[in-house]
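S.K.: Per TrEMBL, transmembrane segment is recorded for B:12-32, B:65-83, B:95-117, B:123-149, B:170-193, B:199-216, B:221-240, B:246-267.
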Amino acid sequence: MTVLTVTGVSVELGGREVLNDVSLTISAREHVGLIGPNGAGKTTLLRSLLGLLPITAGSITIDGRTPHEARGSIGYVPQRHEFVWDYPVQVRTAVMTGRTHRIGWLRRPGQVDKDAVQEALERVDLTDLATRPIGELSGGQRQRVLVARALALKPSLLLLDEPFTGLDVPTQEILTRLFKDLTAEDTAILMTTHDLPAAADTCHRLCLLNGTVVADGSPEELRDPAIWLRAFGVARSEQLLHSLGVTR
Amino acid sequence: MIEFFTEPWTHVFMQRAFLVVLMSGIVCGVIGTHVALRGMAFIGDAVAHSVFPGIAIAFVLKTSLVLGGIVAGLITALSVAVFSQNRRLKEDTVIGVFFAAAFGLGIVVMSTAPGYGGSLESFLFGSVLGIGNADVVTVAIAGAVLLLITGALHKEFVTVGLDRETARSVGLPIFWLDLAMYAMVTVSIVISIQAVGNILVLALLITPAACARLLTDRIGVMMLIAPVIGAFSGLTGLYLSYAFNLAAGGLIVLTATAVFIACWVFAPRHGLLSRRTSRATAVVSANP
């Protein structure tokens, strides 16, 4: 079942075309890694999927709806620095804010909301820290709070912006296992990453983006060094190719 | 000794002053919590200045000063929101342009009124002992409405305060919530101007919230502590003003500042204690 369909999408930022004719589909149970150099438009694509940026051409459908209509049913995990960590709330409250719009105006969280938050905390292994102020968390714990906040919506599509950046190995393992469980339960995952070996290891498919989709396939299918060199716009980089396991 | 505390209450003008200072302290403490957490101190200062032309015009036209101030404050807040859409200008630059302009307009309007010097002084430094019955009622109603709205939109304000982009992505109307926040800051400033004056009103908004932030890591608790400190500072300042015949507005702000310094010095211990307590609670709730 297709969850996300992106067809011929172009996006302009400040008069400059950042994305040109991008097409991509993601099905339930798929974990796709969005890979590309800085400025390739990875975050721009995520923001367009969330309906935060207008597209100048093409179409986006999420579960058969436009991004605007699908608002509130997409789980979004931004980069950690987008969040105000010295705000005086506890972990459980921070996770509950993921459901603010779904709870609705002038209403307090009900049992459904509390259960969803509890389940999200359990999935990221944060139940012991539920009453800890968010300002006292480590980097790995913070990343898990952001993932839990997105999961509190029980989304069919989960978008993650650089979830592995700056994390220690145990936290990466917790998240990798969690993403595997989620895709096994029909969730579709799209994540941007700079960590190419980890992406090749955890993703079912890799999508190489540099203004447009340069290549799209399973890690095994993307063994040709020329594809990677084109995506990253470099003439030759043994180090890059080596780190990808493309050459030895 | 007891007489020292009860004697001021026998005067009607002191009763009104107590009520207004108490209500201003509570309202500013609650709203100020959001102002301090979102780093809106400069916006608060700007709004405090920008209500001036409205109050001046209302003074010249002999209509409600509170209403005039609210209208002028809202116009300035809207102007800032609209003009800062131009990305070349940062929001605080636009604020700098508009609040100075508003203050200038206020002074020009005020100078057309005969004998404006006295009114200007009471506006700038407060005139808590000259408050009328109608003012007390206005402050009470406006304050109650503000507290109701803050409670009703609490989870939305917290969500936006934590992470604007994600709040926007799930469909929360950020622009309107920002505007509501500016409007609430404006109204709480206008109703407090009579107590401490235009220049010092920012202290009533920011200082109690800053004290509360030093004492707790929970926004809900902050919103209880800040109004208590605000009300305590207001009442203490007023007593001292009555006892020693000194300016009330200044004494209120100085009391709040003294509390802030005390919190700043002693909070690390309290902070540590409260953190230990919350950790102990976490362990207990994890192993019931």
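Cβ from N, Cα, C; glycine included.
Automated prediction, rather than curation, is the source of TrEMBL annotations.
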S.K.: Flag the pair the transmembrane segment (B:246-267) / the transmembrane segment (B:123-149) as in contact if three or more Cβ pairs fall under 8 Å (sequence separation 6 or more).
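M.R.: Counting Cβ pairs under 8 Å (6 or more apart in sequence), the transmembrane segment (B:246-267) reaches the transmembrane segment (B:123-149), since there are 3 or more.
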S.K.: Hey, would you say the transmembrane segment (B:12-32) packs against the transmembrane segment (B:123-149), going by three or more CB pairs under 8 A that are 6+ residues apart?
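M.R.: In this chain the transmembrane segment (B:12-32) contacts the transmembrane segment (B:123-149) - 3 or more Cβ pairs sit under 8 Å.
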S.K.: Which sequence-distant residues neighbour the transmembrane segment (B:199-216)? Criterion: at least 6 residues beyond either end, Cβ under 8 Å.
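M.R.: Answer is 24-25, 28-29, 31-33, 35-37, 41, 44-45, 48, 124-126, 185, 188-189, 192-193, 222-223, 225-227, 229-230, 233-234, 249-250, 252-253, 256-257, 259-260, 263-264, 267, 270-271, 274.
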S.K.: Examine the transmembrane segment (B:170-193) against the transmembrane segment (B:221-240) and state whether at least 3 Cβ pairs sit under 8 A, considering only residue pairs 6 or more apart.
M.R.: no
